[in-house]
Amino acid sequence: RSLAFPMVGTVSPQVGEGGAVVPPRFAADGRTPLAIIGGTGYVGRLLARRLLAHPTFCLGPIVGSQRSEGLLYEDVWQQKEDALVANYGDQLWTRQPFPEALRGVRVSSLDELLADEGCRLAVSCVAPDVGYVEDILTSNGFAVFSISPYKRSHNLMVLEVNPTQMPRSMAQGAALFKSPNCVSVGTTLALHALHAAFGLRDVSVCTLQSLSGRGDALYPPELVQGNVYPIWGTKENTETYIANEIAALVPTESLSVRAHRVGVHVGHFVDVRVRVRDAAALSSVEEVYAAFEKFAPLSHLPEGALPSLPPRPLHTMRDVGTPRPASHCGTPKPGRPPAARGEWGGMAVSVGNVKLADGAWDICFSLVVNNMVRGAYGAALLMAEYHQYLSARPDELLRLARGAEAPGAEAPGAEAPGA
């Protein structure tokens, strides 16, 4: 179940009306087209590259803003990468190379996507002010897997945390499936593992978030280079998002969140402190690591059913000084293919630095989540894979929707929506 997907088929862009090159299709190999809404943004660009080698999905139309409609995808890509490198410098920011396979492809309009009868699945990476596009798509028969803050309280899910949410919502006819903020994804995975083992009472979360979490938005360099930028009270609303989403997905009695930006390209570092209901049961940090390592609520699925699903969502690290964003968020390094590493190409969350009974908290630990992969497009892709899996198995879908727990699945956390 490697995330280093082998190439499937041969990419050959097609020429449409007026000589425009349209996104490549792989109809001959049976893969399903998956459109990207907001495909010119930072997350969308990374997803487009990943889909070129996905085993069950192929790249559908790449939809951008009205400013980019009809433009060569390569030109838009390079312009945005140039702006990021110019702003942050090439010592901090690593340019994302344009895939040769997409040379000649142009950015599609929403109308072109709606007219494309061969594509009815989409990942949405749009800003909240244009999130209404998701409503247009769902009203036209699309299933949308979204990381946008727009309507994020609607059908919120992290598959391993509330695994029955997808089948229940599908059985009810839902077409919009929401993934939370990138910090919330990683943090709820770790918290849910602890809740299953010890029960949660109080939680404190402090984030050091990378610059790529803001996509193509450019921070003034003096705010973030060699600096820490507290983002409470800014237009990002990050603390509010995280607090509401964690509260919606994991039961706690109290929750505190503080968020900061730091001069790191990829990888959010999160310091987490918890009080548990069964503190008397804690006698060593190994019990905490064991709770993390035991947590694999979707392990009952057949091998390879969800190509992006790591064997375990939490990658434990016991070495002093770990985890670290630049080293342990699953970003491929030369000579180290993603699937050969415990972070599983960025789909697993690295957890470590565990400490017990510091005088105020029962458990303290640190985690690193790849905010581009598991925290963003990887979460949407995983939802799309599970949707595809269940759509092909209506009996299993109905069984899960009626509340029959799959073997090994954890009961979902609180499913009341956040904001």
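Each residue, glycine too, has its Cβ placed from N, Cα and C.
Since we're looking at a predicted model, the values are computed, not measured.
These features come from TrEMBL:
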DOMAIN    33-169  domain 'Semialdehyde dehydrogenase NAD-binding'
ACT_SITE  C182  active site, acyl-thioester intermediate
ACT_SITE  H268  active site, proton acceptor
Per DSSP, how many helix, strand and coil residues does the domain 'Semialdehyde dehydrogenase NAD-binding' (33-169) have? 51 helix, 24 strand, 62 coil
H268 (active site, proton acceptor) has its Cβ surrounded, within 10 angstroms, by a count of other Cβ atoms equal to 30
C182 (active site, acyl-thioester intermediate): secondary structure state under DSSP, collapsed to three categories: helix
